Structures are given as C-alpha cells and as structure tokens.
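Written out below as structure tokens is the structure these notes cover.
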Amino acid sequence: MRTYVRNRTEKNDFESFEDSFLKDEESSTSDEEESSGGNRSKIAGKENHNLVHQKNKINTNNNNIKEKDIVDTSANNADNLKATDPPSAKYKKLAIRSVMGAFMIGFFTMVLSTDHFIVALFVIALQLLVFKEMIALRYIEAKEKKIPHFRTLNWFFLFTSFFFFYAKPILITLANYYPDIFQHFVRYHLWHSFSLYCIGFVLFILTLRKGVYRYQFSQLTWTLMILMMVVVQSNFLISNIYQGLIWFILPVSIIVCNDIFAYFNGFFLGKKFINRPLMKISPNKTWEGFIGATGWTLLFAYYFCGFLLKYDWIVCPKGNTGFMESLHCTRDPVFLEKEFIFPPEVTTIAFKYLGITLLPFSYIPIQFHALVLALFGSLIAPFGGFFASGIKRAYKVKDFDTIFPGHGGVTDRTDCQFIMGLFIHVYYYTFIKTLEIDPTSIWQNIMMLSMEEKMLIYEKLKQSIEFTTGTITP
C-alpha cells in the first residue's frame, strides 16, 4: 500500500510539474514575442536549454513511474488483495460484493415492475451519475488551473444533449394538453437544440485564458468524448425500452450474468489452468473467468429469454398506452413458436450414412437470437470494461467512485451496458423488426402539424375509412 501511495503521489507531482511547465512555456513564448530582436534570441537560447533539461527530467520521472506501476500491478490478484491479507479477507470481500449485488438486482427488478417511462428515467439518472464520475476525474486539475465556469460548461453541454435526444417526446405529450405553449417547442425542437449548442460553443471560447489553452481544449475533448460514449449510446437504450422491455431486460441481464460468472469463475479457478492475465490493461481478469462466463451466459440467455416470453408487459411495445396501463398486443412472429422441418435430402443422408433419424422440432426464434446477444455480451461487450480499466489506470484510481461497496461507482457497473444497448438497437432494426412503418412515429409527426394540417389529414383519413368499409361511394 505504501508503494502504491508513493507512486500515485509521484505521478501527481509529475503531472503538476508537466502542467506548470506547459503554462510557463506558453507564458515565456508570449513574453518573447514582445521583446526586442536581440533579447529574443538570447532568451530563446536560454529557454531551449531549459526545455531540454526539463524534458529529460520529465522522461526520467515517467520511466521510473512506469516501472513501479508494472511492479505494483503484477502483484494484483483476481480480487485486488495484497499478499499480506489474511485468507478471511478474500471471502469477506466476496460476501460484500454478493450482498451489494443482490441489493442492486432487487432494486433493478423493482424499477422494471413500474412503467416504461420510469425505466427510461432510471437510465437517464444513471447517465447523470456516470457523467458526474467521469468529469470528477479531471475536475481537481481544472480547479487548480482556475478555469472559469469549467463544471458549469460541462453540465450545460450535458443539458444540451439531453434536450436534443429526450425533450421532443416529452414536449409532444405536453402539447396535447397545452398546445398554445408547447406546440412551438415541438415544431422548432431541432432549432432550439442547435441554439443551445451554439451558446455552449461561444461560452467555451469566451472562457479561454492565456497560458492554459492546451489544457482547456483537452478538457473540451474529454467532455465531448463522455457525451458520445454515454449519452449517445444511452439514447439507443431508451429507444429499446419503448420497443418492448424485453429488448432492455434481456441484454442488461446478459451483461450482469456474464459479469457475475466471470467474477466467480475467476475467483475460484483464476490462473489455475492459464497462468497469465486476459488483458494487460486489466490484469485482474482471467482466462478461466472469461471462458467460463461465456458458457454460462449462453445457457442463461436461452432459458431466461423463454421465461420472459410469459409476460405481455415485457414483450409488447409501449405504443400509445397510458402510464402504468397493462399491455396486450399481437405478438411479433419472432416471439411465436415455429416448427422446423429438415429438408428431405438432409434426413435421407443422415439416416443412410449415420443411422440418425432427424425429426421435426419446435422452437421460438427469439431464443436463438438470444444466443447471438449472449455471444456479443461475452466476447465484445467486455471491452467496454477494458476501456474503463484503461481510463482508471491512466488516472491512477481503483474505482470511479465508492457508492457501491465492493463494486465501485456507477461507471464500474455500467461500462459494458452502453455498447450492448447500441448493439441491440442495431441488431433489432437490422435482423428482427418486421414492421417498417411505426405508428408511434407517425403520431408524433402529426402532432407537430398545425391545426389546419391536422384537420386536412383527418378528413382524408375519414374518407379513406368510409370508402374501405363501404359506407360511402367515392
């Protein structure tokens, strides 16, 4: 522990030295431009000499820190325990993680039993917490730099993103009750979103301060990266919710299942068969945990999907039903049982050469799609966790927060969920969705029209219905 704290302190000292050096470099450059020609040459020569000396010092410190980091991280095991810890500490941490994990699953189940709107608010709340944790990684340095309104601008860009992605459906609902107030915001939603972005962009330029330009632009890049990785991908999560809770519950459960079995397989079997880490960026992950979790996740996805099919409120899309209303729908063919019959040529060859009689069998397509989702959740989604591990190693923190004992912060628990949600959205609209025209989207577009345009559509639709039912003659 002492070695780790010392290395972290040295790293912070190094980063502070590097930041102050960059500030001094920009200040000295500005002073040089204001001096005379002869003094400029003299000062430039002296600064170049100091520059080489300071860069060598930085490289030396950086190499020493990297070597110490390698020594420290190589001693880590599957549960972040030290060699001096008693054996009981291992099982104590396991118990803490298990109890907190059960609590989180119970709370998640309670949220899912409410309404699609509540589940969507839950996802938005998670985004706020993840954004807060990610911004906090660099906020201390920003405070030292005394950048004006740094955190305010970060949250303003988050608000702008939320308004662009989530405000329109809410405004449409409010326009049904208060059309005189909210109809304008519905019709010009895109323009208002762009205006908010322009305000944030201009404010950022106005807050630029001499000597810290490079650092401020790196802060802006960090904020935009968080918005892209968190808010943009979470937007697809919320879209999945309204297509049917199964497209949210199933992928989230697959990630949770994979994480649980990866932990327990690594806890009991880690490095007993393959004595090397799965990824250098995350040395605590083991091959045993990765392979074992993949097999268990495939089994879980197949049978848990069959369990979810029993409930209409999970399978049916939200549509235009009211808050907390029960859902009933005509199920999509992907949820209906089908019979698979082998081609005659295949059955003949199997019986003639292998002595096997291939009989027809029943299946539900969604369960085979669930296997594809499980493979993605086991093989690709964990790289979201590796990405988060890289960030934590870059900033020398063990967890993003300590809100969940034994688990870390919200980011530590959701790092794989964002890319999984995006994959579900792409997979659903590419390989599963059969209805090309979405009635909900049509209704939202109609609500954006003026009253005269709505009346015109009403008359046309009325004539079409009367003609189809034979009540009038065209």
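Placement of Cβ uses the backbone N, Cα and C atoms for every residue, glycine included.
Features of the protein shown, as given by TrEMBL:
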- 15-26: compositional bias 'Basic and acidic residues' (COMPBIAS)
- 15-67: region 'Disordered' (REGION)
- 94-112: transmembrane segment (TRANSMEM)
- 118-140: transmembrane segment (TRANSMEM)
- 152-178: transmembrane segment (TRANSMEM)
- 190-208: transmembrane segment (TRANSMEM)
- 220-238: transmembrane segment (TRANSMEM)
- 244-269: transmembrane segment (TRANSMEM)
- 290-309: transmembrane segment (TRANSMEM)
- 368-388: transmembrane segment (TRANSMEM)
Stretch-level contact, the transmembrane segment (152-178) and the transmembrane segment (94-112), CB cutoff 8 A, at least 3 pairs: no
Intrachain residues whose Cβ lies under 8 Å of the transmembrane segment (94-112), provided they are six or more past its termini: 79, 118-119, 122, 245, 249, 252, 256, 260, 263, 267, 404-407, 413
Stretch with greatest number of CB pairs under 8 Å, the transmembrane segment (118-140) reference, 220-238, 244-269, 290-309, 368-388 candidates: 220-238
When counting Cβ pairs under 8 Å to the transmembrane segment (368-388), the leader among 220-238, 244-269, 290-309: 290-309
Long-range environment of the transmembrane segment (290-309) - Cβ separation under 8 angstroms, sequence gap at least 6: 246, 249-250, 253-254, 257-259, 261-262, 265, 269, 278, 315, 335, 364, 366-367, 370-371, 373-375, 377-379, 382
